[in-house]
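Asker: Structure below; questions to follow.
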Amino acid sequence: MSTSDHPPPPPPTKNHRLQRRLLCITSCTLMAVGTVGGPLLIRLYFSHGGSRKWLSSWLQTAAFPIILLPLSFIYSSSSSASSPFFAEPRLVFASAVIGLISGLTNFLYSDGLSYLPVSTSSLLYSTQLPFTAVFAFFMVKQRFSFCSVNTVALMTLGAVLLAIRKDGDRPPGVSGSQYTVGFVVTVLSAALLGLIFPCIQFSYAKAKRVITYAVVLQFQLGVSVFATVFCTVGMLANHDFAAIPREAKAYDLGETKYYIVLVATAVLWQFSFIGTAGTIFYTSSLFAGVYTALLLPFTEVAAVIAFRESFSGEKGMAMALCLWGFVSYFYGVYKEGKGPPMTTSETAKEAEMGETRGPEDAV
């Protein structure tokens, strides 16, 4: 897309910058709540008698109707009433492709989490960062500084430390081969997530229509719908819908709490995906990858507290490396004089993406 497709963006007003900052903070908050809480609830499902991997995958996007609430509010306002509700066809197509990839990613993640402790799974999932960095470099012309390269190296090293002692925290009842399968599929899901982040940013850059937060929500709605369809097919093939009532009655925590766990899992994961889409829009795919990697150690600590999982020296070192990497990333941003990612100017953001999008309307 040439830079002539859109008129040059006007200088952002003070209210516009404040609105972007608030929406970015909201997106990061939703992403944090879902990224930390979602894996804990899935592990809670598996650890007390749940065994349906397609069901746990389906739950990660099944709460997509939640997105209709903010969308309805946005389009009921006078400032957006004249805007078309449906996204342009190329964005719908992109959301369909990314949604199918997300469905596969969710299944691989659930499969791995059924064999791994949450703490190990979370730190392994931080390997999405190097994949994000590579795909972002080729797809959206992501520029790298010494600090960003250092961040990728540190967080990757954290995952390598876990691989050295991969059998040290095998859950009871999980064989060595199952643990290895869980290890491998979790890394594969992280690789796909690393592809998804730049794909979302690339889709925003290639859009013909001006991208607003409302369009971001529409895009995420499409991704969630197609991911849910993908997992629904798997559930039907595996007869998971018919097994839910039987599994609920046999659940260790009771039938009522079984359904509470399912609903809460779906809501928290939807928060995560909505927050991720907004974070990529207001910052970049690389920042979303770094932020995800930062949140995963907090998931690890929560898992140690909630499930009394072991906290080995390797896990402690991996967590320290993730935190060090995150600080390194922000130091690089500060050193370049750009300020925090949420206050990066539209011009700098477009240069990072290698595209010009056009002015962003107020929500």
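From the backbone N, Cα and C atoms, a Cβ is placed for every residue, glycine too.
Just so you know, TrEMBL annotations never went through curation; they're auto-generated.
A quick note: this is a predicted structure, and the numbers were derived from the prediction, not measured.
The compositional bias 'Basic and acidic residues' annotation in TrEMBL covers 347-363. According to TrEMBL, the region 'Disordered' annotation covers 341-363. According to TrEMBL, the feature transmembrane segment maps to 22-46, 58-78, 90-110, 122-140, 147-164, 176-198, 210-237, 257-274, 286-305, 317-334.
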Asker: Can you tell me which of 90-110, 176-198, 257-274 gets the most C-beta pairs within less than 8 Å of the transmembrane segment (210-237)?
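Answerer: The stretch with the most close Cβ contacts to the transmembrane segment (210-237) is 90-110.
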Asker: Give me the stretch from 22-46, 58-78, 176-198, 257-274, 286-305 with the greatest number of Cβ pairs under 8 Å to the transmembrane segment (90-110).
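Answerer: Highest pair count goes to 176-198.
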Asker: Do at least three C-beta pairs under 8 angstroms join the transmembrane segment (176-198) to the transmembrane segment (317-334), pairs 6 or more apart in sequence?
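Answerer: Taking Cβ pairs at least 6 residues apart, the transmembrane segment (317-334) and the transmembrane segment (176-198) are not in contact, as fewer than 3 fall under 8 Å.
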Asker: Which of 22-46, 122-140, 317-334 has the most Cβ pairs closer than 8 Å to the transmembrane segment (257-274)?
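Answerer: The stretch with the most contacts is 22-46.
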Asker: What else in the chain is close to the transmembrane segment (317-334), if you only count residues 6 or more beyond its ends and a Cβ gap under 8 Å?
Answerer: 123, 126, 129, 145-148, 150-155, 157-159, 161-162, 287, 290-291, 293-294, 296-297, 300-301, 340-341
